[in-house]
Amino acid sequence: MVDSQYFLPNDIGISALDCTEAFRLLSPREKLYAHYLSRSAWYGGLAVLLQTSPESASIFVLLQRLFRKQPAAQLESMATAAGLSPEEYQAFLVYAAGLYANMGNYKSFGDTKFIPNLPKEKLKALVWQSQAFQDSPSEMEALWDSCSTLLFSLEDQQKQLGLGDKGVTTYFSGNCCLEDAELAQKFLDSKGESRCGRYDFEDCVFMVSRGDYAYLMKKVSENLEKAKNHAANENQKRMLEEYAQSFTFGSIEAHKEGSRFWIKDKGPIVESYIGFIESYRDPFGSRGEFEGFVAVVNKAMSERFAKLVSSAEVLLPELPWPKDFEKDRFLLPDFTSLDVLTFAGSGIPAGINIPNYDDIRQSEGFKNVSLGNVLAVAYATQKDKLTFLDEEDKDMYIKWKGPSFEVQVGLHELLGHGSGKLFVQDEKGNFNFEQDNVRNPETGEQITTWYKGNETWDSKFSTISCSYEECRAECVGLYLCLNKHVLSIFGHEDEDAKEVVYINWLNMVRAGLLGLEFFTPESKSWRQAHMQARFVILRVLLEAGEGLVNLKESTGKDGRPDALITLDRSKVHTVGKAAIERFLCKLQVIKSTADVEGGRALYEGYSAVSDTGSHNFLRLRETVLLRKEARKMFVQANTRVKGHVELVEYEGSAAGLIRSFTERFADDAEEVEAHLLELNKRDAPCWC
């Protein structure tokens, strides 16, 4: 019996991302700009298949060939002939939709493998019955043989992404361990942006070459050049030129330069960003996964975020660390609410704070975006599916979850990720802080550690960097949502404001409990940065005591294990605020001072999941898995040029999601698939 966490359920939520009105309001020029940016993003997004697992690209091509020849409705008769029940065929459609939505066969949120919920021999029979197989039997058989074993395999190491014996990764070759990753990072830090060639380093030889994903990056760059012809201003043109340069020559500096022009492009109607951005899925926490998004500004909601930005310089001093630990100058960023047209990559977030280059964020600025049409469907909740809450809390939770999460996202992105200073000594020996005068507020002593030369937050804190930073940003959101001025910016006053605060904090502690789904006991590792962060916050608030948070195991009405988590709203502003204040200050001081040893001790301590202490979290994890709800998937529209730019939308179903992908690459499908398989073949020796 296979654990259900490795299947996607047949009734999984699948919703269409609505951007019809936002797209309609664009001018013809803006629509062309959005179209070519979208094409660029979709081609680049295919690289994620190669970044996820050795088999993902082959599975993708197998599915594309099946569904290009026969849409889901037509293929169903083949499934019946092959002996599949309606439930088994639906399970196959859900699997295919899941692979497209995650750009691989590992969940983008949680990094767990998922396999088809039907017997392998039945899926093989369906492939053999298909029109694609009838037309090209030898090619389809070879494709099946290349991926079918790993497609269904649930050997321990293959159940999740990870480094060495902890999981699967294509960021490192199969024989690499953590020590190898650390050595590679030291080499990279010593070289900055390395030129191609051979390097001797610490008794090892490093060979630097370029050309990974060359075909895909060429398609990305070609479409960026086309988009440039429809850009609204010089900043957009220069931005796209630098991005194309980056993807053509593999230049990080060019991408950083493009990001500088992107920051200067204030308040565009069509917003976008593209590149190897987030490092969540690199098991060492340093290398970026490809993503690209194109979205249209929601002006009404953006006005609220603009008010929050204008209040930032008043709110930043409210954060619980000394002014020396805050940036010398807060560079007022763009903060807009966007309706997503295209988000290519492994998943779609609710909000983004970019660029991720520390030096640019510290001295030149950044942008924040909240993805409005994602929030609208991703966090809609049905009462009968709400777990671990008291009945009295459920109605309020449903009413105020959306508004409270909007506040949390705004604070998390702008004043969470946007706050705090890194103490740096540059390559010339210059410090960006007064080394002799700045004191550690935790100890009262002088600062003795800092970042040197090419060191960055990610390279120093590596495996904990992503989750630690998400935890810091979440704590900022919890802390500042207690501020009445913040709540009034979002239109919440008096009793409504109190409900927003209560549900925001309640949602956080419940999310901490739900986060246990993403912990792997066998390897004692976390598979999702945000959920680990929320579990840490739950631990901090439980530790605060005085009845602030209560977590009890129970038996549900169905006779199965259950749990109940409650929050004493009368103690949020006192006990809760004091606990977050202390913890948040510690997080920032450690981050500012590059105190890796202290950071690991603090963060890994709160991240520990055990069956001892006041709560048996390992047993609670089993309860969470028993009652978990699958994460929703999104169906995105396509655009095509037929004299003018058309928006092509699809139904919110597995079949709709599949169709959106088969039509996404309709003009050059065979060429794209052939190159994907070639890129995959080129990497294959690395996994042995």
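Quick reminder: no glycine exception, Cβ is built from N, Cα and C everywhere.
Predicted automatically and left uncurated, TrEMBL annotations should be read as such.
Per TrEMBL, the features are as follows:
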type: BINDING; residues: HIS412, HIS417, GLU470; note: Zn(2+) binding site
type: ACT_SITE; residues: GLU413; note: active site
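Feature map: TrEMBL annotations on the structure.
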residue	record	Cβ neighbours (10 Å)
HIS412	Zn(2+) binding site	28
GLU413	active site	28
HIS417	Zn(2+) binding site	21
GLU470	Zn(2+) binding site	22
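Distance noted between the C-alpha atoms of GLU470 (Zn(2+) binding site) and GLU413 (active site) is 10 Å. In sequence order, ASN353, GLU413, GLY416, GLU469, ARG472, ALA473, GLU474, VAL476, GLY477 are the same-chain residues whose CB sits within 8 A of the CB centroid of HIS412, HIS417, GLU470, the residues recorded for Zn(2+) being left out.
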